[in-house]
Structures are given as structure tokens and as C-alpha cells.
Amino acid sequence: MGDRETRNHSEVTDFILVGFRVSPELHILLFLLFLLVYAMILLGNLGMMTIIMTDPRLNTPMYFFLGNLSFIDLFYSSVIAPKAMINFWSESKSISFAGCVTQFFLFALFIVTEGFLLAAMAYDRFIAICNPLLYSVQMSTGLCTQLVAGSYFCGCISSVLQTSMTFTLSFCASRAVDHFYCDIRPLQRISCSDLFIYKVVSFSTGTIIILPTIIVIIVSYMYIVSTVLKVRSTEGRKKAFSTCSSHLGVVSVLYGAVFFMYLTPDRFPELSKVASLCYTLVTPMLNPLIYSLRNKDVQEAVKIFLEKKNTML
């Protein structure tokens, strides 16, 4: 039995990304929609990174984290969107085994890194509001660098574990992955291996990775809310909350979509695809808009940047 599974596993050289089960006429519309969203992701995140790097007034911990958030959003959406757009025009819709492994690894790396980075940003907002006099001391350049590096390290460890566990399974049931990218649940469906231990280990790993970030975010905001409510002036409370609203919006969109996808039963794969679409493309598109529309410093930096460009022209 083991030899048969090994043989079946070794015979898998590629997968078929089924994508969205819609009529062929809608493929053009979906392609244009993906293209528009991806173009906005490129424009928004590259623009945000450029503004943060070129404006010295944005040389603060919050914008250091935000620049890294834009970098992560840009790259993990680029892992998904181009291949999905190609498959709208492809007859085979195939992706090589190595390509599937690479896509899975990179996406897992960046999405977990973003979770830890959002936790670091929540801690940053906690220090800024609850200990403002010590902010410049506690949120030093060294600590910020360590928090970002730690986020990437945790993302890498998680991705290595998830990828190695997933692609040592035997895929003898089918080559058709019922999704628009290589994700963990649709790959599980086409495996003929015993998934009990795999699912236990995968769930435990996911809990160990995700739970600390959620706890940090929740505890940070509990302290933030408690501190802000003690502020007597309405204007002061409004100003304090406004510094957190963008981050809270980004957290809500990302975690809301992730939880919705993983709570959706396997018998509704199309709902999982819609939820996946939210955090693979919609969230990276919205993040720069949320921070630019809600942040006066970013708006002012954009104006100055555009004025300089117009002057050069």
C-alpha cells in the first residue's frame, strides 16, 4: 500500500487549477476585474512604499511598519493574481508541481508574516497611546527592526512546516485543485493519504501561530480603549481613536475574510473562493486606501510628492 501511494505521489507532475465555476463568457469579465484590482494593488502599494521612503517626516515606527505591510501585500498578491489571470485564457489551467509548491510556500510565508506584522503594529499603537512620553525610547529603531525580522522569521517557519507537511501527502485521487491557487484545503481534498494526524498537526501549528497575534491585538486594544476613555475632552478621544482606526480596519478585513474561509464547510468550495479572493486581492488593494484616506500625514506627503513631480515636468 505504501509503495502504491509513493508511486502515485511521484507520478504527479502538475495540477489543474479549476478556478471559478462560471460560464466561459464570464471569464473575460473576471479577467478584467482581476486586472483592475491587481493594477490598483501595484499602484497603491508601490506608491505607499515610495512616499514612505522619500518623505523624511514619515520616518517613524508606524510608517516603517506600514511600508513593510505594503511590501508584503504587493508580493503575496503577486504570487496569486498573475497565474489566476493567465488561467482565465488557458485551456489546460495547469500549474507544475514545483510551481504549486512555490506558490503555496510564498503565500503561506507572506500571509503569516502579515499577521505578525499587524500584531507588531497593534503594540506600536498601544505604546503610542498608553505610554506616549516613552514612545521614542521604547519603539526604538532596533526594536522595530527586530519585530519586522521576527515577523518574517515566524512566517518562514510556518510556511516551511505547512509546505513540507502538505506536499509529502500522496495525491492519487485527482490532479484538479478546486481553487484559483494552490491552497491547503483544496489540496487536502485530492489527497488519498490518511489526513487525521496531518489535520491535527496542521490545526495545532495554525493555532500556535495565529493565536498569539490575535491575543496581542486584542489585549493592545483593550488597553487602548481603556486609556482613551479616560481622556476628558471629546476632541482628544477622537484624535486618539483616529490613530488606530486604519489599523483596526485592516485587521478586521484580513481576519474576517480568513475566519470566514476556514469556517466555511468543505461542501461550499465556491464560498471559500470568494473569501480567499477577499484576503488575497481585496485586502492588499484596500490597505493603502484605508491608510491614505484616514491619515493626514500620508495625504500631505502625497501632495508634496505630486507637486515635486509636476515641478520636474
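Cβ from N, Cα, C; glycine included.
Quick look at what TrEMBL lists:
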DOMAIN    44-291  domain 'G-protein coupled receptors family 1 profile'
TRANSMEM  28-51  transmembrane segment
TRANSMEM  63-81  transmembrane segment
TRANSMEM  101-123  transmembrane segment
TRANSMEM  208-229  transmembrane segment
TRANSMEM  241-262  transmembrane segment
TRANSMEM  274-293  transmembrane segment
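The recorded stretches the transmembrane segment (101-123) and the transmembrane segment (28-51) do not share 3+ CB pairs below 8 A when only pairs 6 or more apart in sequence are counted, and are therefore not in contact. Contact between the transmembrane segment (274-293) and the transmembrane segment (208-229) is absent: fewer than three CB pairs lie under 8 Å, with pairs separated by 6 or more positions in sequence.
Nonlocal intrachain contacts for the transmembrane segment (63-81), taken as residues 6+ away from its ends with a CB within less than 8 angstroms of a stretch CB, comprise 34, 37-38, 41-42, 44-46, 48-49, 52-53, 103, 106-107, 110-111, 113-114, 117-118, 120-121, 124, 144, 147-148, 151, 180-181, 250, 280-281, 283-285, 287-288, 291, 297. For the transmembrane segment (28-51), the list of distant contacts is 20, 22, 58, 66-67, 70-71, 73-74, 77, 81-82, 84-85, 88-89, 281-282, 284-285, 287-289, 291-292, 298, 301-302, 305: same-chain residues at least six beyond its ends, Cβ to Cβ under 8 Å. Here the domain 'G-protein coupled receptors family 1 profile' (44-291) has a mean pLDDT of 88 out of 100.
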